[in-house]
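*Asks:* Below you will find the structure I want to go over with you.
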Amino acid sequence: MEPDAVPSTKGIIVQILCSLVACAAILSPGMNMGYSAFALKGMRSSLDLSTDQETWIASLSNLVTPIGCLLSGPILERYGRKCTLLLVAIPCSIGWFLMAIQPTLGRIYIGRILTGLATGLASTPGSVYAAECTLSTLRGYLMSGSTVFISLGILMVNVLGLLYKDNWQIVAGIGGVVSLLVAALTLVFLPESPVWLLSKGYESKAAAALKTLRGTSRTETIQKELATLLSNRRKAETIGGGEGVWRRLCRPEAYKPLIILNVFFLFQQLTGIYVAVSYTLDFVKDSGVTQDIGFIAVLLGALRLLVIFVGTCCSKTLGRRFTAIVSGVGMTPCLLLLAFDRYSSSHSSVHNNLPLFSSNSANISSYSLLNTSLSSTLVPLLNSTLTPLVNSTLPVSGTVAGQTSWVPVAAIVLYIVFSTFGFLIIPWSLLGEIYPAKSREVACGITACLAYLFNFAIVKCYPYMSRSIGSYGVFAFFGVMALIGTLFVIIFLPETQGKTLAEIEQYFIGSHPAHSRPEEEVSLNGGSKHNGHPKTPIVKPANPS
């Protein structure tokens with residue numbers, strides 16, 4: 001739309017609804033991300049799983065998600081945005097129904113592979129559609145829709161897990177139905193992206209799509225925007241010339257942010273953020289919480305969704321780098337406190353029963369107290385004095401008599417808040433803006449693939465780590481990684497908020513903008529990018545939150 005045009009209320013509503021439907025394609029894959037956290041408990045009893053089989057069920061989706069990411073780009077280009085969104089439903093629904101109907105271990109493996117492939121396929125089309133079909137004033141918020149729907153999917157599966165307990169097959173069936181319902185909405189209500197239609201020479205269809213999205217039938221307005229889109233497309237096609245893709249990646253403005261962002265994603269995984277998603281119930285239990293674990297998992301999912309909104313707003317006002325630093329500084333003590341609490345619970349003399357106490361009643365045993373005759377006097381006195389004291393102080397750390405202490409609950413809630421606030425959302429936000437236009441598609445693909453591979457590795461290894469070094473060792477490892485990751489952000493990550501894409505590119509080149517300036521980045525929907533003008537719409541893949 002032209003910058004000086006006044007959008008209609010109908011057009012705004014249509015664009016919001018269409019963008020939400022497009023981003024909802026990742027709702028069912030989002031359920032898949034949190035499914036293993038709930039389902040493994042029921043699968044253990046019904047399928048008699050080994051630890052190795054459990055880790056494959058939890059991590060197999062993450063292993064094939066990068067393949068879906070790589071396939072998504074060519075499919076988007078060749079078959080269009082709407083077709084790609086519809087295609088997501090095929091492997092997703094088949095995978096869910098394989099796990100829902102007469103499941104065996106092999107069918108579950110295949111189902112997890114297919115739903116993981118769907119997660120990769122759904123990682124970019126929703127954001128691309130929102131970028132190409134919405135006004136610049138709406139674009140920044142609507143492009144975050146995929147992240148919101150992923151978190152909503154995780155929350156949904158936690159709620160369903162609480163309602164259906166060990167009936168993981170029913171939840172799998174619901175996941176398949178959700179995928180088909182979203183596909184039906186996409187088929188009926190979504191127009192194709194006018195940008196893609198123009199790229200294929202379908203000008204009349206592009207004009208019809210614009211009329212729907214802008215809520216107007218005025219031919220003059222539509223023709224002006226079509227002319228702007230065509231002009232911007234021609235300018236965008238001239239950027240980069242004939243230079244090879246891999247040669248572009250060897251330039252400092254490409255390889256420097258590639259290294260920084262990939263390392264940032266590595267620390268994102270090593271702090272246990274996605275372990276808390278894939279193994280929510282086990283993660284909460286390992287932290288020392290023993291009661292109402294399913295309910296707490298639902299609360300954590302709702303909290304994560306809320307913090308995503310808050311973190312997105314804060315990153316736009318406080319800056320990406322500062323938000324990430326606050327996140328890391330907050331995560332580190334929470335994880336180390338969890339480690340200390342679990343270590344104290346496992347090794348303290350009180351928790352291992354003091355020699356003066358029997359194992360079942362915390363009463364003073366009939367020690368001879370060095371064989372003195374005072375035993376008959378001291379034993380009743382100590383029983384009446386120390387027993388209430390021990391029972392009143394134990395809940396501060398660990399558990400007693402089935403009670404959950406406040407320390408692990410507070411620590412894990414704060415950990416979810418701080419980790420989601422920055423380390424979860426900031427790397428995915430940077431993915432769309434930190435790379436130069438000439439190599440953005442390839443660099444984003446490389447980083448997305450590595451991010452999911454890191455995810456697979458840590459999710460696969462978590463149960464073995466927990467058994468070999470204990471829960472306190474795992475939390476200590478996550479805490480140390482959070483500290484190192486925070487230092488890495490402080491030293492190496494530049495602030496990108498408030499800077500043009502050209503200024504970000506110049507930062508990595510190392511030259512002053514006054515001396516040299518890269519080619520102007522061009523918006524898909526209108527206007528080239530200058531200081532003081534709206535930013536170029538950033539197309540980024542959705543994160544696994």
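From the backbone N, Cα and C atoms, a Cβ is placed for every residue, glycine too.
Residues or ranges marked as transmembrane segment in TrEMBL: 12-35, 55-76, 83-102, 108-129, 141-164, 170-190, 258-281, 293-310, 322-340, 406-430, 442-465, 471-493. The domain 'Major facilitator superfamily (MFS) profile' annotation in TrEMBL covers 18-497. Residues annotated as region 'Disordered' in TrEMBL: 515-545.
A description of the local structural setting of each listed feature is requested, covering burial, neighbours and distances.
*Replies:* Non-local neighbours of the transmembrane segment (12-35) in the same chain are 61, 81, 85, 88-89, 92-93, 95-96, 112, 115-116, 118-119, 122-123, 125-127, 129-130, 133-135, 138, 142, 145-146, 148-158, 168, 171-172, 175-176, 178-179, 182-183, 185-186, 189-191, 212-215, 277-278, 280, 301, 542, 544-545; each lies 6+ residues outside the stretch with a CB under 8 Å from one of its CB atoms.
Within the chain, the transmembrane segment (55-76) has long-range Cβ neighbours (under 8 A, six or more residues past its boundaries) at 32-33, 36, 39-40, 43, 49, 83-84, 87, 108-109, 112-113, 115-125, 128, 196, 278-279, 441, 445, 448-450, 452-453, 455-456, 459-464, 541, 544.
When Cβ-Cβ distances below 8 Å are used as the criterion, the transmembrane segment (108-129) is approached by residues 18-19, 22-26, 28-29, 32-33, 35-36, 43, 47, 56-57, 60-73, 75-76, 81-82, 84-85, 87-92, 94-99, 143, 145-146, 149, 172, 175, 179, 190, 193, 432, 448, 452, 539-542, 544 of the same chain, each at least six residues removed from its ends.
Note on the transmembrane segment (141-164): residues 15-16, 19-20, 22-24, 26-35, 37-39, 122-123, 126-127, 130-131, 134, 170-171, 174-175, 178, 277, 280, 294-295, 297-298, 300-302, 304-305, 308-309, 312, 425, 428, 537-545 of its chain, located 6 or more positions outside it, place their CB under 8 angstroms from a CB of the stretch.
Remote same-chain partners of the transmembrane segment (322-340), defined as residues 6 or more beyond its termini with a Cβ less than 8 Å from a stretch Cβ, comprise 264, 271-272, 287-288, 311, 314-315, 407-408, 411-412, 414-415, 417-419, 421-424, 426, 472-476, 478-479, 482-483, 485-486, 489-490, 493, 495.
Listed as Cβ neighbours of the transmembrane segment (406-430) (distance under 8 Å, sequence separation of 6 or more from its ends, same chain) are residues 147, 261, 264-265, 267-268, 271-273, 276, 283-284, 287-289, 296, 300, 303-304, 307-308, 310-312, 314-315, 320, 323-331, 334-335, 337-338, 341-342, 395-397, 451, 482, 485, 496, 540-543, 545.
Sequence-distant contacts of the transmembrane segment (442-465) (same chain, six or more residues past either end, CB-CB distance under 8 Å): 51, 54-56, 58-59, 62-63, 65-66, 69-70, 73, 120, 123, 245, 248-249, 254, 257-258, 261-262, 265-266, 268-270, 272, 274-275, 278-279, 282, 427, 431-432, 435, 473-474, 477, 540-541, 544.
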*Asks:* Can you see whether the transmembrane segment (293-310) and the transmembrane segment (471-493) are touching - at least 3 CB pairs under 8 angstroms, only pairs 6 or more apart in sequence?
*Replies:* no
*Asks:* Which whole number is the mean pLDDT over the domain 'Major facilitator superfamily (MFS) profile' (18-497)?
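*Replies:* 81, rounded to a whole number.
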